[in-house]
Amino acid sequence: MRLRNDCLVRLLTSWFGIFCLYEMTEGSAEPPPCPGARRRRLLLSLPNVFPGRTRAAPEPSVPSPPPSPPPPPPPPVSVPPPPSSPGGSESLIECPLCLVRQPPEEIPELLSCRHRSCLRCLRQYLRIEICESRVNLRCPECAERLSPQHVRAILRDPLLTRKYEEFLLRRCLAADPDCRWCPAPDCGYAVIAYGCASCPKLTCEREGCRTEFCYHCKHVWHPNQTCDMARQQRAPSLGVRRKHPSGISYGQESGSADDMKSCPRCSAYIIKMNDGSCNHMTCSVCGCEFCWLCMKEISDLHYLSPSGCTFWGKKPWSRKKKIIWQLSTLIGAPVGISLIAGIAIPAMVIGIPVYVGRKIHGRFENKKTSRHKKNLAVTGGVILSVIASPVVAAVSVGIGVPIMLAYVYGVVPVSLCRGGGCGVTTANGKGVKIDFEEDGPITVADAWRALKNPSIGESSMEGLTSVLSTSGSPTDGLSVLQGNYSETASFAALAGGTLTGGMLSGGRAKYCRLEVQADVQKETCQKDSVSLGAVSDSASTRAMAGSIISSYNPQEREVNNMEIQVHIEAKPSRYQLMSESSTEESLHASAPLVESEDAEACRNQVAACDITLAQPESIRSDLESSDAQSDDVPDLASEEYDSPHLFPPSPSNALQESPPHRMCAQEEGLCAHEESLSKVEIIELRV
């Protein structure tokens, strides 16, 4: 029994040795075993389990089998080195702007973001932005702003850096409402005038400038004019003009004045493309946000106010439309608010639980939770929202309805009437009057449209018209007066008393005809014939020679040739029409003098008539006095003025006028050739 156990122990020991040798030969290619496996292997070895028995047992005489040779190791695998690119192209970085690969030192890193561009592209980009007065510089690839220190480091140009700093200063000062820049050319001096509204005269303190300008209109000081008058005087010089072959300048095209306006803060001119864009504009120079229609700095609620400005329209609402909208809002506000509240309450009571249930269900949908827990959470949320939704609806309606009513009946009417848009005025003890007419001042755009199609006719009667007035003094003459303060350049022709006082009122003629033909060197012209009836020595009428161009500065006036032919037909037996020479303009009219035995009495009573065309500078008549004289004259377009019996003679002069009338009637058959024809050939008017 003992021998059998010794043989079994030796056999197991030999097998274990062979197994360990095999592991040693195979372990060179495998990682070493973990310490736990080695410990288990040592514990399972039989000599360690039975140390005493192995020593006492004699060694067997049976030789152990030779160990098997280990397998040859696998040949080493050579890993080829990575191929090196020629010229070191791995160190080059591609610029995202010009797509050129450049070394890293030519592509700096921006401090505000991680985008990188080459120095050449960055300098060109900054140069373009600064030259166009855009100092809010950003990264070319994103909206991150560039710091001034980084801009200076990239530019390395003293002149461009100075311009950039000047534009930065101007942008900061433009936000100050009391900052005023000197209007003199090449003067960059600014005056910060606090509390100078009552004393608007400012003086530039720069040495060598000393320009005086106005605090309100920010232009050169106008001592004898208001800001509106000075603005109207400067308005024609702002428009771009084109020359007509006749020498008259008109606007370039229709609507060009509406496409170009100046910023209300920095006065930089801005052109708006007619592409259907909105009216909310942002100045790229100073960053001012303003409305293109009213040209005022606005907020986000401007287009919701009753100002009449629309977000997409091309012009603001008229006063009539604003008043109608206001009245309809006041009347329909209770109905509309009640309807909104009636719809909002059930919508909130039903919609809030549905919204809460869907949100809770969507949150638990992607999570591995039990079905019962999910249903419990959704049910609890819906029950709580059903309880809270009526309270939320009541609070919302209770707060929202009073706010809407206060806005409709309080804020809207006050803001509308404060801006003068409601047109409600109180008459002198006659109650409240609502004015629907637009009586605003004439803008540059309106004057520009009026310049496009100048005409001679009925449309020109709206401005200062030519007035042919007569007086009883025989020394009065025919003169031309040019209006300086009217919207359209017009001429006032004053006929002397030699026509009415010396000839017509003398009882030798019942009427005379004045035919005016004006030629402004245009393709078409209009001819008007008017008749003058004499009642008294101061009879006057109003005739328009034509609206030529709108009022502009005298130094910008051009020379236009106007040909006026005046045909004066009268019935006296004899009269003489003489002329006096002037410096530049001449008016000469002559009539043949025919003597007869029957007209000897008439010839003694008719005095010589002189008609003189004076220079425009020689007449300084007031516009109001000219209009006052012309208000008493009837319309000239009527054909009834051609009749000799247009105005009934007064009873006191009836007996005095009838004998000469019979005398002239007898002379018609004998002296038909005595009708005079006077022509004013060419009058050169300096406009």
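The chain as shown is numbered from 1 upward.
Keep in mind that glycine also has a Cβ here, set from the backbone N, Cα and C atoms.
Cys278 (active site) falls within neither a helix nor a strand when secondary structure is assigned with DSSP, and so counts as coil. Within 10 Å of the C-beta of Cys278 (active site) there are 12 other C-beta atoms, taking all protein chains into account. The active site annotation in Swiss-Prot covers Cys278.
DSSP gives Cys182 (Zn(2+) 2 binding site) a coil state; it is part of no helix or strand. Sequence annotations record features per position, and here Swiss-Prot assigns Zn(2+) 2 binding site to Cys182, Cys187, Cys204, Cys209 based on sequence analysis.
The feature Zn(2+) 3 binding site is assigned by Swiss-Prot to Cys214, Cys217, His222, Cys227, with sequence analysis given as support. For His222 (Zn(2+) 3 binding site), the same-chain residues 6+ apart in sequence whose C-beta sits under 8 angstroms from its C-beta are Cys214, Met229, Ala230. For the recorded site, His222 (Zn(2+) 3 binding site), the DSSP three-state label reads coil.
DSSP assigns Cys294 (Zn(2+) 5 binding site) to coil, not to a helix or a strand. For Cys291, Cys294, His302, Cys309, the entry in Swiss-Prot reads Zn(2+) 5 binding site, with the evidence type sequence analysis.
Feature annotation from Swiss-Prot assigns compositional bias 'Pro residues' to 60-85.
The compositional bias 'Acidic residues' annotation in Swiss-Prot covers 629-641.
The transmembrane segment feature in Swiss-Prot is assigned to 330-350 (among others); the stated evidence is sequence analysis.
Sequence annotations record features per position, and here Swiss-Prot assigns transmembrane segment to 391-411 (among others) based on sequence analysis.
Taken from Swiss-Prot, the feature zinc finger applies to 95-144 (among others).
Per Swiss-Prot, zinc finger is recorded for 161-227 (among others), and the stated evidence type is sequence analysis. Looking at the zinc finger (161-227) alone, the prediction's average pLDDT is 86.
Swiss-Prot lists 263-294 (among others) with the feature zinc finger, giving sequence analysis as the kind of evidence. Cβ atoms under 8 Å from those of the zinc finger (263-294) belong to residues 132-134, 136, 167, 170-171, 174-175, 218, 255, 302-303, 307-313, 315-316 of the same chain, restricted to positions at least 6 beyond its ends.
Taking every protein chain shown into account, Cys182, Cys187, Cys204, Cys209, Cys309 are the binding-site residues, and of these the Cβ with the most other Cβ atoms within 10 Å belongs to Cys182. In this structure the C-alpha atoms belonging to Cys291 (Zn(2+) 5 binding site) and Cys278 (active site) are separated by 9 Å.
When the binding-site residues Cys217, Cys227, Cys291, Cys294 are scored by other C-beta atoms within 10 Å, Cys291 scores highest. Here Cys309 (Zn(2+) 5 binding site) is positioned 33 angstrom away from Cys182 (Zn(2+) 2 binding site), judged by their C-alpha atoms. Around the Cβ of His302 (Zn(2+) 5 binding site), the same chain contributes Cys291, Cys309, each under 8 angstroms and 6 or more positions distant in sequence.
Residues of the zinc finger (161-227) grouped by DSSP class, helix first, strand second and coil last, total 15 helix, 13 strand, 39 coil.
Taking the C-alpha positions, the distance from Cys227 (Zn(2+) 3 binding site) to Cys278 (active site) comes to 31 Å.
Rounded to a whole number, the distance between the Cα atoms of Cys217 (Zn(2+) 3 binding site) and Cys209 (Zn(2+) 2 binding site) is 19 Å. The 10 Å shell around the Cβ of Cys214 (Zn(2+) 3 binding site) contains 20 further Cβ atoms across the protein chains shown.
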